[in-house]
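Reading through the structure tokens given below for one structure.
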Amino acid sequence: MTAFEQLMAYERDTQALGQIAGRLGWDQETMMPRGATGQRGAEMAAIESVLHARRSAPQVAEWLEQAEAPDEVGAAHLREIRRSYDRTIKVPADLAKKLAQVTSEAQGKWAEARANEDVAAFLPVLEEVVALKREEGKALAAGGDLYDALVADYEHGTTSSEIAKIFDAMRPGLVDLRARVLDKPAPQGLSGRFDEKTQMQLARTLARTFGYDMAHGRVDKAVHPFSSGSGLDVRITTRTSETDPFNCFYSTIHEVGHGAYEQNISRDYLLTPLGRGVSMGVHESQSRIYENQIGRSRAFTGWLFEQMRDSFGDIGVSDADAFYAAVNKVHNGYIRTEADELQYNLHIMLRFDLERALMQGDLEVADLEAAWNDRFEADFGYAVDKPSNGCLQDVHWSVGLFGYFPTYSLGNVYAGCLHEALRRDVPKLDTDLAQGDTSAATGWLGEKLQQHGGLRSPRDTIAHAAEMEPDHAPLMNYLEQKFGALYDL
């Protein structure tokens, strides 16, 4: 066997072990007995230790030095293995261990502080996390920008300066559009009680409608919706609320976007570095375009309105236009995960600016709450009422996920580009969606983007699919046109 062949065989085993770890995580959130937490922690620690050892093994460096790629795909494999190896060996083992210990402790203290509305109780351990993440960022950056190095864990090839330029260009328009919309009368929402078993039945129908392959996946309930796996085993979860069926249906469609991306990657890439979504931003572009540009469109909601009436009877709105308005209702709120399509990105921009300042030393942890509250009031026009609705609402910082937040909005920007290209290439899109037929849209995304997995960089993946460089203008135009028409601006 050549060095390349030996490396790829080794990598397939590493990828398989990673899939096993993911399956343990899925089980923990869905099926695991409550009393098994301690044992599961030991199991996860053991497999993560094996994975770290495999990814940092000196033999990998030797193979990388000797391997010759047979073609473009082989070169992409080597690029991704080298990127993973370099990242693994740059962080000292004792720092990685310390981070794992402190973030485990911090997550518990965050949950307790959030429940007690006590920011002060969380700040000391957050100070530790921030200091350790700065240290990790410096190790990864090798003299460059440490926050850029952390962002690269989730969106390689994109710098924080590039992200800031996009966000700074979008923010004034979003604040202005939000204010104009909220000046108008709010549309009527749904009313009544919605049986949760019936919600799950319709959720599975929606999953199939959006092309999710139930022979290689499943839909279950979890406290927080998520997707897990790749290739031939891709699972998603959703949640139900007796008074808010949209939570279930749009969580399902969102997770189907993630799941379908993984299911549609070329089988040639199964259990290889290219056999998964290329970045969190590109992954989010798939979930967002499924959920928002397709799932919340006037055409598709007309079909969904009839499905809901068939399933639940009277739902509190009388026609498809009122239903469309209810689906896309803009409303005040503190919580990022509950934000409507128009306001969501403002929540992300706030977090991006604050975490970037924390990492670069321009904001002290002690000043975080005040900085959060000031920025929130500036963008949303009202004050944060309690810490759990402010700087304690997200788990991300407690577990060290600095650099993750901006990928949510990058996903929206990418989705805007893809949606513009989709409508250019599929002129009968609305006619199909009005019949509940998403196959032209999902087929286009599968062909143009999803099948290629990690073959190209994130930016090149979007540019290749949309035939344009990623830009925020399509998203802003879409939001202005959609909400301008909905609210008669």
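Any Cβ shown, glycine's included, is placed from N, Cα and C.
Automatic prediction, not curation, is the source of TrEMBL annotations.
Together with HIS254, HIS258, TrEMBL lists one candidate of GLU242, GLU284 for binding Zn(2+), that being GLU284. Neighbour list (HIS254 (Zn(2+) binding site), Cβ cut-off 8 Å, at least 6 residues apart, same chain): PRO225, SER287, ARG288, TYR290, GLU291. Annotation note: HIS258 (Zn(2+) binding site) sits in a helical segment as assigned by DSSP.
Every protein chain considered, the tally of other Cβ atoms within 10 Å of the Cβ of GLU255 (active site, proton donor/acceptor) stands at 27. Between the candidate binding-site residues, HIS258, GLU284, the densest Cβ environment within 10 Å is the one around GLU284. The Zn(2+) site is defined by HIS254, HIS258, GLU284, and by the 8 Å test on Cβ atoms against their centroid, the other residues of the chain that qualify are SER227, GLU255, GLY257, HIS283, GLN286, SER287, ARG288, TYR290, GLU291, GLY411.
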